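What follows is a set of notes on a single structure, which appears directly below.
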C-alpha cells in the first residue's frame, strides 16, 4: 500500500485516551480531511502521525516502512498549524526558505523555489515583508508556502483556517485545495467545519471521541451517513422512521407546507401585527407547541412557528414540532415571500432531496 | 516529489540516545557547579556551628538565642527590610505609572537613568551617600550621616528600579478598557484606580515587594559603609562573628536564621510570580497615553522628587566631590589612582585593582552565562512526563537560592572547603579562580531570571514547525531558540558582568591583597584615615560606576523587547 497507513493507533495523555484504535489510509496524491468536534482526538492523531506525540499502541507506516523511532525531522512530513507559527525573526522569504536551507539547497535554487511558492499561494512579491506586517490570512498563506516548500511527502494541516473569519475561510479553503492539487501534495487536513472539509478533501474521515466513525468521499458521506452521530455532525437536524429506514433530516430537509392551512393563523387569539418585535421562546410555551388534534404522518406534521429569518435570500422558519422524537425546534424552509407569522400554526413536510438514509 | 532526501525509516537509536545524554549533561553540569561551589561550602560552614568534637551539638541555638544582642540584630534586620520595602513600593508605584503608563519626550532616557542604581556596586552607593550626607557634604546639615535613615535612603535608591520595572512592565500591558469601563459606570479616577487597576497590579507589587525585602534584608556593603557604629544586621553580624571573633557557631546559627528569612521571602516571590504569569494572559498590547500635567501632577511630582533628589543627587555629589582636593578643585584624586594610596593604604594601585576587576568579572561572566544559560535552557523544556516537569520546577527554584543566601556565607564557606576540593590536591584558593567562581555563583540567578521567561515564551509549536520542516533538534535550537534568546543573552551577559564588577560580600573574603578588586580597594580606602585616601575612594567609585554603567548601556542596547524580569 503506497502512502500513509495507520493501524490501531492509540494516543494517551496523562491517563486519558485521546485516540483510540484508529486505522486510516491515505493514498499518494490524495487529500483527506479529518473531521470532528473539538476534543475528538483529530489533532492528537495528526501529531502522532507527524511524530510529535508518541503512540501508546499501533503503527504509522509510509510506503510500508514503519516510522516508529523515526524522529519528526526525518519523516519528511510537513505540518501547518492553526496560527501559522511563523518565525518572527525572519521575513516572509526567510520563513518559506527555512526547510530548503535545511535541505542544503543553494541560494539561487532557494530564491527560485520561494518565488514559485509565493506565486502558488497568491503572495508574489511579498518576500521582503516582515511577518509582523501580514494580516491573518496572509500569515496562513505564508505558513502554507513554508510547509509546501520542502516538498513534504505528506502535508499535515491542523485547522489551518479556523482562526480566520468566515468569508476569508471560504476563499482560502478553495485556494488551499488548488495549491495542494497544483503541487500534487498528499495531505491530511484537520477541521471541525464540514463545509471546509468538503471543499478541500477527496475523502472525509469523521472522528468522534477518539474513534473513526466513517471514511468516505464527501458526496457518499452526505448521501449515506453511517450513523446518527455522523449525520448529526454533518448538520442533519432530526431523524424520522421511514419504511423501516432511519431517515436523517438535513438542513434543507423540511419545508413549510404551501399553502398555509386555513384557520391556522395565530394562537391565544393575539394577532402579531407587522413589524412587531419577534417574540422570544418564552412567548411560545412548549405545552402550546403542537395544536390539538394534530396527526403526525407522512404527509406532514403540525407545527408552531417560533421565528423566521431570511438567510441567503431564503426564509428559514424555526418551528416547534414533534417528528416522533419529542418536541424540538427545527428549521424548515419556506418559499420566498411566504413567511408565516411568528406564533402561527403551520404544517411542515419532508423534502426528500434534503434527507438521507442512515446506515 | 523527487528532490527531497528522505532518510530510511530505520530507528536512529544512537542519535536519540546521544541527544538525551546531552540534555542530562546540560542539567548535571550546572547542578555539579552549584553543588560544589554553593551547597557544599554553605553546608560545611553551617555544619561547623553544629558539630562539636565530632558530635551534633545544638547548644549553639540556645546560647545565641538567649543573647539579647541576637534579638536586637534580628529586629534591626527586619525593621530595615520592612521600612526599605514599604518606602520603595510607595515611591515606586507612582514611578511605574509615570514611566510606563504615560508618554513624554525623554521617557527612554529617564527609564535608563532609573535603571542605573540597581546595577551600581553597593560600595559605590555607600560612598555616594556618605559624600552627600557627611558633615562636609551638601546635605550634611541634616545630620543623617551614618544613621538608620541613611541606610533606608540608600536601600530605596537601589530598589526603586525593581519596583518601577516590575510593576511598570505589567501596568504597561494592562488593558485600559477595564478602567474605562469602571469610569463609564460612574467611578471617579481615584476609585477606578483603587477598585480596578490596583487589584490587577497586586501580583506584580507583591512580587516586587518580596524581592525588595530580600535585597533589603541581606544588604551588606551599604550597611557596612553607611551604618552607625555598632549597627548590625544578620548579614553583617555573620561577617563580624567569622572574621573578627572567629565564632563560627554563632555565625552558623545566624546563617540558618537568614536562610529561613530568605526562604520565606522567595516563597512569597514565587507565588506572586506564578500569579502574575497567569494574569498576563488576560492583558494585551501596550497602551501609554501622553502625560497630562494637570491630572498627573501628583505622581509626576513624586517621581521627579525621587529621580532628582534620591537618584541623581547622590550620584552628582559623588562625581563633583571626586574633583575636590584640599586646596580647591582638580584631577589629583584621579591622578592618585595610579598610586597605592596615602601611607600605602593598598597593596596594589587602583588601576591595577580595576584591571583585576575586569579580569575576574570577565571570567565570572563566562562561568555564570554558561551555567545560567544551561539552566534556563533545561528548565524551559516541557517534558511530557509529569515527573520530568516537577523535576524542572525544583531545578528552577534551587538555582534561585544563591540570590538570597548571604554572599558572606558563600565566601567564608569557600575558604574552609576549597583547600582540597573533593579530596583533589588542587588548592583553588591560590589558583585565582576562586573569586570569579564565587562571583559567578551570585550572578547565575540573574542570568536565569533574564533568559528563562524569554525561552519559556517561545511557543513549543514553533519548534515543532521547524522540526516538521526537517530541522534536527540541534538545528531547532540554533534557528528557533537562539535568535529569540540572543538579545536577552546580551542583557544577561551585561547583568552578570555588572554584578561581578560590583560584588563585594564574597570577594572581600576571598580576594588576596594583590588581587583586590575595585570594590574591595574602595572599601579599604574609606576605612583609612586621610583626605587623600577619601578623595581616591570617591574617584575610584566614579570609575567603577562608569564601568558598570557602560556595560549595562551596551547590554540594554543589545536587547530589543523586554520580556525578562528586573
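Any Cβ shown, glycine's included, is placed from N, Cα and C.
Within its own chain, the transmembrane segment (B:21-40) is flanked in space by residues 367, 371-372, 374-375, 377-378, 381, 395, 398-399, 401-402, 405, 410, 413-414, 417, 421-422, 437-438, 440-441, 444, which lie at least six positions past its ends and keep a Cβ under 8 Å from the stretch. The transmembrane segment feature in TrEMBL is assigned to B:21-40 (among others).
Annotated domain 'ABC transmembrane type-1' per TrEMBL: B:74-269 (among others), in sequence order.
Annotation comment: TrEMBL describes B:78-100 (among others) as transmembrane segment.
Residues annotated as transmembrane segment in TrEMBL: B:112-133 (among others).
The transmembrane segment annotation in TrEMBL covers B:148-167 (among others).
Long-range contacts of the transmembrane segment (B:204-231) within the same chain: residues 76-78, 80-82, 84-85, 88-89, 92-93, 121-123, 125-127, 129-130, 146-148, 150-151, 154-155, 158-159, 162-163, 166-167, 169-171, 239, 258, 261-262, 265-266, 268-269, 271-273, 275-276, 403-404, 406-408, 504-505, 519, 523, 526, each at least 6 residues beyond the stretch ends and with a Cβ under 8 Å from a Cβ of the stretch. According to TrEMBL, the feature transmembrane segment maps to B:204-231 (among others).
Taken from TrEMBL, the feature transmembrane segment covers B:251-269 (among others).
The annotation transmembrane segment is assigned in TrEMBL to B:297-320 (among others).
What TrEMBL records for B:354-555 (among others) is domain 'ABC transmembrane type-1'.
Feature annotation from TrEMBL assigns transmembrane segment to B:361-379 (among others).
The list of residues near the transmembrane segment (B:391-416) in space but at least 6 beyond its ends in sequence, with Cβ under 8 angstroms from a Cβ of it, reads 27, 30-31, 34, 37-38, 40-46, 48, 214, 218, 220, 234-235, 238-239, 242, 251, 255, 258-259, 262-263, 265-266, 270, 372, 375, 378-379, 381, 383, 428-429, 434, 437-438, 441-442, 444-446, 448-449, 452, 503-510. Feature annotation from TrEMBL assigns transmembrane segment to B:391-416 (among others).
Taken from TrEMBL, the feature transmembrane segment applies to B:436-455 (among others).
Beyond the ends of the transmembrane segment (B:476-498), by six or more residues, the same chain brings 119, 361-362, 364-365, 368-369, 372-373, 377, 440, 443, 446-447, 450-451, 454-455, 457-458, 462-463, 466-467, 548, 551-552, 554-561, 563-564, 566 to within a C-beta distance below 8 angstroms of the stretch. Taken from TrEMBL, the feature transmembrane segment covers B:476-498 (among others).
Non-local neighbours of the transmembrane segment (B:534-555) in the same chain are 112, 115-116, 119-121, 123-124, 127-128, 131, 315, 318-319, 321-322, 324-325, 332-334, 336-337, 339, 341-342, 350, 353-354, 357-358, 490-491, 493-495, 497-498, 501-502, 518-519, 521-522, 525-526; each lies 6+ residues outside the stretch with a CB under 8 Å from one of its CB atoms. What TrEMBL records for B:534-555 (among others) is transmembrane segment.
Beyond the ends of the transmembrane segment (B:297-320), by six or more residues, the same chain brings 91, 94-95, 97-99, 110, 113-114, 116-117, 124-125, 127-129, 131-132, 137-139, 153, 156-157, 160, 291, 538, 541-542, 545 to within a C-beta distance below 8 angstroms of the stretch.
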